[in-house]
Structures are given as structure tokens and as C-alpha cells.
Amino acid sequence: MPDSANAQQSDDVQQPDPIDDPTAIILYGGTGDLAKRMVLPAIYELFTRGLLPDQFRLIGNGRGDVSAEEFAKHIRDSLTEFSSAPDDDEFAEFAKNVSFAGGGFREDDPGTLLDAIKQLEEELGHKVQLVHYLSLPPVAFEPTTKAIKAHGLNYDTAKAVYEKPYGTSLESFHALDDLVHSAFDEEQIYRIDHFLGKEATQNLYLTRFANRLFGDVWNRRHIAQVQIDVPETLDIADRADFYDATGAMLDMLATHLFQVAAEVALEPPLSMDPEDVQAARESVIAAFRPLDPKEVVLGQYASYLDTEGVEKDSKTETFAAARLWIDTDRWRGVPFLLRTGKMMKESAQKVSLIFKPSDGPLDHIHPDANAIVFDLKGNGAIDIRLTVKKPGPDPLPAESATSLSLANVAPGSMAPYTSLIHDVLSGNRMLFTSSTGLESAFQAFQPMLTDARPQVEIYDDHSWGPPSAKELTGPCGWLLGD
Ligand SMILES: NC(=O)C1=CN([C@@H]2O[C@H](COP(=O)(O)OP(=O)(O)OC[C@H]3O[C@@H](n4cnc5c(N)ncnc54)[C@H](OP(=O)(O)O)[C@@H]3O)[C@@H](O)[C@H]2O)C=CC1
Ligand SMILES: O=C1O[C@H](COP(=O)(O)O)[C@@H](O)[C@H](O)[C@H]1O
């Protein structure tokens, strides 16, 4: 068992600033899966923390007809299921600001959304900042963007939030991005990758820049390999339509895991200002070498084809592992090993920097006992795995570890979606992906869209994935298992 330590509690917990601009969030796909799990609880959390503007409306949008009362009940049920049951009086206050515009929203038929916005602006006596949140499957990004533009809802003050994946190939990324830029300036566009919003992910660079203990060894002279490992025990549940068309590489690897790799690999920014941090993260993605299909293993869990909604002969990967190379002076020759999958043996979100063996007489230490491991889940933790002396007469090595829980530094910290939506409202784009960064990510991903893409290998449910994924790591093995 590792020793554990707690980061010292800060007396001075950061409180984000409230927002003044009268605002309406239009939540496209307002009754969908992501909305109920993440977005609605996040908006409600901002309300209970007093972080929404005084003049605020949430307008749900969807193709069906849903009354304001039904939408409010849906929100309440979502909070109860995915967050916590709200206080009756507080929720009643929130629900006064909620409505639903049904009938969809298309170029040729705006449904009832334009009327809902007109009514709100007449009620308030002025225009409001519109935040278009596209909580929609990627196929709906283009038609919805076209509709926003065609109906003139791309005000200069408007913002547009896009979920991932933003494009499925370099070509479709360009087509979507050109269209989005025909409606909005880059500063108005917020492409969400919620892994960037995790408190613990942000520690990947903050601890490095603040502590010589980490900063001085953060390079190829000292690090043998980096593992970014996000196994999940969950299956694809009721997301078959989306997942079977998307797969693990686009759902997780070329999106979340690439962004986390960039957070590890980035060069020190000029300052910690949002623009500088964003630029440093996005520019290192340009140094990602395009994936070599021979260094990628794809898998599908054994019972996947039995899932309702999945094509009977589907070749969609539910597991992906890859060896990524980053061609900068700092990282040349250091493999970044990325792994993620559904229906695996354990759930975890870990980033491990595994050191090279020491010089001198103890140059044979197992990599397990010579590593820094960042846990990205929840408030996060940093494990330092060390080799120490085994008590006794001889100078023999023994493995030990200490775990620094970050929970105490961040009492009451916000969930990733809560803080990212607050960033959208306040105009802070640090934790959002940019057009150039995503273009580089798709360039690195592009070889996986060719005929050289490896075949999917079937793996046992609740296992560590196809055994061949182990070969990617070399003698180290995957630190988490197999
Ligand atoms: N679910 C999750 O855990 C996560 C999802 N995401 C991303 O969030 C986005 C939304 O995902 P999710 O909520 O799971 O998706 P859903 O399949 O639940 O779709 C959301 C809503 O979009 C509407 N919709 C579906 N198809 C279309 C269409 N062709 N045209 C217009 N509207 C449509 C439906 O609403 P209606 O029928 O009312 O019109 C549906 O309820 C995706 O981009 C996904 O990658 C990101 C992180 C996690
Ligand atoms: O975006 C996604 O992320 C989740 C994992 O998110 P987390 O909140 O558990 O960190 C993943 O399960 C899902 O497939 C993917 O779409």
C-alpha cells in the first residue's frame, strides 16, 4: 500500500467571477444524452453558485414538441439521476428561466426558436448574448450551423459551442470549420474537449512549471516513455447509434488523449495567460508524427455485436492503443503510449511519466518504481513511485510510493463541464481547442483512415484488450495492467 499524503488546503480557494451580460443559452439536443448527464447539471451548478448572469435564460431545442414544464421536469430528473436532487425552492427559481423551443431548427424551417428569442428580447427590452450550445451528434453540426447563419442568429456577441468530434477526417474537419467560420469569428467558437477542463489535467503543466523537481526532468534525457491510459469498464449502453459510427479512436484517442498528450509535451508558454497556454498546447500538436498503423492496435469487445443498434458485422473499434511520437527536441525518441477502450478490466485515467534507469550501480530498477503518475479522475492525485532501501543489513532496493491527493487543494472545485461553460460565458478560451491545433491532430490521425488501418482484434469482455497491445510498450508493459 502506498503511503499517502495530502496537498495542503489552500485558505484562499479561487472563486470564478460572476458574469454580467444578459445571456440566453440555446441548448440544441437539450433532451439528449450528453445534455442530461453533463450540460444540464453544469448549468444548474452555475446557477446554485450564483455564477449565471442576473438576466439568464436556458432555451432547450429539439425536433419534438416539449413544453417548458416538461423540459423543467426533464432537467430536474437529470439532476436527480446524474448529480443530486435539487432543493425545491431553488429549483423553482431556476425553472422560471427555462423554456423549450420545439420543432427542430433547420435552414428551411426554424421551428419555434426564432419566436422564443424574439419574445425573450421583447420581454427584456434589448438583445441578449446568445450562446449556441450544439449538444448534438456530429452529423447535425453542419445543418444547425447553416440554420444559425441563415436565420441571423450569429450576432457579433454570439458564441457557439461545439462538442467533439469536430470532424471525422482532415477533409470533413476543413469542410465543417470553413462553414463554422463563415458564420462566426474564431474568437466566438468554443470547441469543447472536456478532458482539458479537468482540474487534474491542468496539473500536468502547472506542477511542472512551478516545481524544479518535475520541470527539470521533463524531457527525453530523463523520461523513457509516457503512458496515457484511459481504460473504461462501461459498455456503450444506449449510445449505439453514435458510437458505432464513431469508434474509440475518434471518441477518445485522437480527441481527448491527443489533447492530454499535448498538455504533457507542450513547451513552456510565454506566460500563464490563457492565449499563451492555448498557443503552447496547440502548437506542439503540429509536431505529432502521423500515426503509423503498424504501431496501432484496435480491438472490439466480444459482446459488442450483441448490442441493440450495432450493425451485425460492425468493424468499429471499441479499443485503441497507439505509439505516438512527438518530434520536438524535448521528446524525440520518447514513445507516448496511448490506450483506451470500453468493457475493460478497470476504469482509470492515468498519465505516467516513466523514468529511464539511473546511472550507476542501481541501473536495473523496474520502471514501476521509477515514475510519476498523474490521476486525472475527480480532483486528481499525483503518485510518486520510488525505489527505497529495503530495511535490513544489505543495501537492497524496495518499491514504495507516495500519493498526493489534490482533493484538499480544491474543496468544492467545479466539474469539468461546469468550469468550461463558465469559461464560455466569461470568454476564456484557454481550455478549448483551436482550428490550427485540430488541423494538426487530424493530420496525425489521417493514416488511420487509409487501407493500412489495422484489423480489429476481438478481446474478452472485462479484459485489458487485445494481448498484442502489450507489444507496443516494450519491456515496460502497461503500468496499469497487462
Ligand atoms: N453522451 C456522452 O457521454 C458524451 C457525448 N459527447 C458529445 O456530445 C454530442 C451529443 O452526444 P449525445 O448527447 O450522446 O447524443 P444523442 O444521440 O443523445 O443526441 C442528442 C440529441 O440530438 C438530437 N439529434 C439526434 N440526431 C439528430 C439529427 N440528425 N439532427 C438534429 N438533431 C439530432 C436529438 O434530440 P431531438 O430528438 O430532441 O431532436 C438527441 O436527443 C456528441 O457530439 C458527442 O460526441 C461528448 C462527451 C460525452
Ligand atoms: O467524451 C467522452 O468521454 C467519456 C469519459 O468521460 P469522463 O467524464 O468519464 O472523463 C467517455 O466515456 C465517452 O465515451 C466519450 O464520448
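For all residues, glycine too, the Cβ spot is worked out from N, Cα and C.
Note on His256 (active site, proton acceptor): other Cβ atoms within 10 Å of its Cβ, all shown chains, come to 23. As annotated by TrEMBL, active site, proton acceptor applies to His256.
Taking the Cβ of Thr31 (NADP(+) binding site) as reference, residues of its chain lying under 8 Å away and at least six apart in sequence are, in sequence order, Gly60, Gly62, Gly64, Val66, Phe71, His74. Under the heading NADP(+) binding site, TrEMBL lists Gly29, Gly30, Thr31, Gly32, Asp33, Leu34, Ala35, Lys36, Arg63, Lys164.
DSSP gives Asp251 (substrate binding site) a helix state. As annotated by TrEMBL, substrate binding site applies to His194, Lys198, Glu232, Asp251, Lys342.
Residues annotated as compositional bias 'Low complexity' in TrEMBL: 8-17.
Positions annotated as domain 'Glucose-6-phosphate dehydrogenase NAD-binding' by TrEMBL: 26-203.
Per TrEMBL, the feature domain 'Glucose-6-phosphate dehydrogenase C-terminal' maps to 207-473.
Positions annotated as region 'Disordered' by TrEMBL: 1-23.
Geometry remark: His194 (substrate binding site) versus Gly29 (NADP(+) binding site), CA distance 18 Å.
Fewest other C-beta atoms within 10 angstroms, among the binding-site residues His194, Lys342, are seen around His194.
Taking Thr31, Asp33, Ala35, Arg63, Asp251, Lys342 as the candidate binding-site residues, the subset whose CB lies under 6 angstroms from any atom of ligand 2 consists of Asp251.
Listed recorded positions: Thr31, Lys198, Glu232, His256. Those with a CB atom under 6 Å from ligand 1: Thr31. Listed binding-site residues: Asp33, Glu232, Asp251; maximum Cβ neighbour count within 10 Å falls on Asp251.
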